[in-house]
Amino acid sequence: MAIDRRREAAGGGPGRLPPAAEENGALPPGDAAASAPLGGRAGPGGGGDIQPLPAPHAAGGTHPSLLLLDYDGSVLPFLGGLGGGYQKTLVLLTWIPALFIGFSQFSDSFLLDQPNFWCRGAGKGAESAGVTATGRWGGGDLANGTSPPTTPFPTAAWGTAGPLGNGSGADGGEAPPLPSPPDKGDNASNCDCHAWDYGIRTGLVQNVVSKWDLVCDNAWKVHVAKFSLLVGLIFGYLITGCIADWFGRRPVLLFSIIFILIFGLTVALSVNVTMFSTLRFFEGFCLAGVTLTLYALRIELCPPGKRFMITMVASFVTTAGQFLMPGLAALCRDWQVLQALIICPFLLMLLYWSIFPESLRWLMATHQFEPAKKLILHFTQKNRMSPESDIKGVMPELEKELSRRPRKVCIVKVVGTRNLWKNIVVLCVNSLTGFGIHHCFARSMMGHEVKEPLLEDFYADYYAAAGIALASCLAMCLAVRVLGRRGGLLLFMILTALASLLQLGLLNLIGKYSQHPDSELQLKLAVGMSDSVKDKFSITFSIVGMFASHAVGSLSVFFCAEITPTVIRCGGLGLVLASAGFGMLTAPIIELHNQKGYFLHHVIFACCTLICIICLLLLPESRGQSLPESIPDGEHYTRQPLLPPRRGEQPLLPTHAELKDYSGLHDAAAAGDGRPDGATANGGRPM
């Protein structure tokens with residue numbers, strides 16, 4: 001019969017384990033033994049069909065023992081979850097480097113800040129020191145071969161939970177005592193000089209721009225230097241992610257630490273801007289390896305209920321690094337000392353070689369049971385656990401599988417899946433959109449579009465961006481707790497789209513009516529909506545947009561870490577983080593072209609937010625669910641309804657648990673009840 005065939009194809013039969021309970025409108029659990037220990041995630045696929053799961057195999061067959069593959073259900077409770085002191089120590093060791101990562105992410109705001117400049121000797125007898133000569137230069141000055149426009153928010157100011165962005169900057173601010181600038185005049189005359197004096201606003205006496213006179217005809221080299229770190233991060237995420245899935249998280253982490261020390265300290269010894277940019281590329285490459293592996297290790301150490309909290313603590317530590325960067329710059333005074341001080345704390349991470357183990361979850365997922373056994377014994381020794389705590393018999397099952405060959409997987413295997421690749425692509429587009437549009441809102445708030453900027457000095461702009469990032473992280477904690485991963489991401493994406501559309505549409509409409517008051521109503525609108533009021537609306541929408549887009553980018557990265565299987569988790573994370581890097585890369589590209597295409601840039605990303613809102617409905621909800629370990633496990637981790645079903649509502653399709661109640665239908669048909677062989681229980685013939 002049709003029902004029996006569907007049940008048998010789903011792996012039904014004797015010896016099945018009880019299905020896990022549904023949670024938050026999750027998929028109906030399957031009755032296959034392979035799905036129960038892996039979180040019970042069998043259910044309808046992308047098109048609404050019930051997906052068959054692989055049939056169980058005995059230990060020593062094609063697949064290892066199901067008990068060993070159920071990491072969250074058997075292995076992690078055996079080790080005590082996060083209750084063991086050793087696990088807490090390892091989580092703490094993943095938090096500490098987040099501060100150093102924050103320093104490196106936001107260093108470009110200080111090393112490559114474009115200061116005001118004037119001809120050397122032109123300021124003698126002029127105004128008091130520290131007064132800027134040109135104020136906020138217009139966007140067309142650089143195109144005319146004059147001084148470059150100040151960058152109120154260079155590259156990015158994300159303050160993310162992760163490894164993303166070059167930092168944030170701003171106009172104005174306090175500068176060290178320098179020769180007095182001349183009276184405000186034509187900026188083109190400043191490029192006729194052969195030597196300049198600089199008004200650096202970041203607390204430094206000298207930075208990269210003033211060191212090698214990267215102004216006027218050489219101003220484009222500043223943007224290339226900004227490219228270098230971002231491009232290094234992008235390539236680093238893609239390459240180190242694949243390596244970490246093949247060789248392990250620990251080797252990638254340790255070698256990335258060694259090379260970031262080498263390249264980072266060599267950056268401070270650069271003799272020209274070409275050497276500086278090249279070394280910054282390799283520094284970004286290694287920084288990506290450190291950030292990516294720590295993020296994956298943090299996720300893989302935690303039980304389902306603690307993953308988001310542990311990740312958000314790391315985000316707060318990274319934001320603390322953003323807040324502390326101005327103090328480090330004021331303390332160092334020179335860019336070379338600042339660069340060395342940012343990199344030197346990574347020396348402490350060399351101790352990880354002896355104290356930080358490989359990811360046990362990755363070892364189990366890739367069937368490396370011999371090193372997994374040694375690591376489990378190491379955990380039990382550190383936690384002073386007795387052998388009697390192994391109630392489920394993890395160690396005896398592990399002994400039977402020691403001769404099994406490892407099965408490692410590369411991220412390219414995701415191409416052959418039906419649902420997993422869609423989930424990763426959706427999150428890549430979300431990450432790209434969130435971090436790409438963030439710069440549009442930042443430029444608007446910091447004075448690109450408004451005539452009266454909200455903030456007029458470097459430190460006010462910098463700390464405003466950091467404060468928005470901190471508020472966004474706090475809001476994420478509340479939203480995810482109430483709405484879940486998918487609901488929280490959808491909420492912040494809707495806020496981003498609304499802020500963007502209102503800023504692009506409503507304010508432009510108001511400006512159009514204020515310029516052409518053809519009617520009495522339009523005249524009243526033009527009088528009531530002055531330029532200053534319009535600027536306040538623009539600033540408000542920009543703050544909301546920065547707040548929401550930061551949350552979109554951070555949640556997309558975390559969401560990817562949860563729904564990507566352990567065997568390819570670093571590769572999937574690398575794709576999403578690299579997409580975020582591409583989004584941030586649009587900022588220095590637009591700056592290099594003197595803000596040409598800025599409006600189109602904003603329009604394109606605004607359209608992407610609308611597409612993302614629709615695509616987010618395809619994602620599953622991962623709150624409280626076990627992490628998928630293998631690609632088949634992640635393939636059946638499919639979407640659920642956004643809202644839980646109403647009480648008493650009949651589901652559209654029967655679940656595997658319901659189908660098993662009809663297991664006697666075939667026997668009744670065979671007994672000769674007058675129905676043909678292919679008939680169903682109600683006398684009909686299956687389609």
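Glycine too: its Cβ is placed from the backbone N, Cα and C atoms.
Automatic prediction, not curation, is the source of TrEMBL annotations.
Listed features, source TrEMBL:
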- 40-49: compositional bias 'Gly residues' (COMPBIAS)
- 145-161: compositional bias 'Low complexity' (COMPBIAS)
- 162-172: compositional bias 'Gly residues' (COMPBIAS)
- 667-680: compositional bias 'Low complexity' (COMPBIAS)
- 160-623: domain 'Major facilitator superfamily (MFS) profile' (DOMAIN)
- 1-57: region 'Disordered' (REGION)
- 138-186: region 'Disordered' (REGION)
- 629-654: region 'Disordered' (REGION)
- 667-687: region 'Disordered' (REGION)
- 227-247: transmembrane segment (TRANSMEM)
- 252-273: transmembrane segment (TRANSMEM)
- 279-297: transmembrane segment (TRANSMEM)
- 309-331: transmembrane segment (TRANSMEM)
- 337-356: transmembrane segment (TRANSMEM)
- 462-483: transmembrane segment (TRANSMEM)
- 490-511: transmembrane segment (TRANSMEM)
- 539-561: transmembrane segment (TRANSMEM)
- 573-592: transmembrane segment (TRANSMEM)
- 598-619: transmembrane segment (TRANSMEM)
Test of understanding: applying the rule of at least three C-beta pairs under 8 Å (pairs 6 or more apart in sequence), is the transmembrane segment (227-247) touching the transmembrane segment (309-331)?
no
Model confidence over the domain 'Major facilitator superfamily (MFS) profile' (160-623), averaged pLDDT:
82
Would you kindly list the residues that approach the transmembrane segment (252-273) from elsewhere in its chain, counting only those six or more residues past its ends and only Cβ-Cβ distances under 8 Å?
104, 208, 212, 214, 218, 221, 225, 240, 243-244, 279-280, 282-283, 286-290, 292-294, 297, 336-337, 339-340, 342-344, 346-347, 349-350, 352-353, 356, 570
Closest-packing stretch to the transmembrane segment (539-561), where packing means Cβ pairs under 8 Å, from 227-247, 279-297, 462-483, 598-619:
462-483
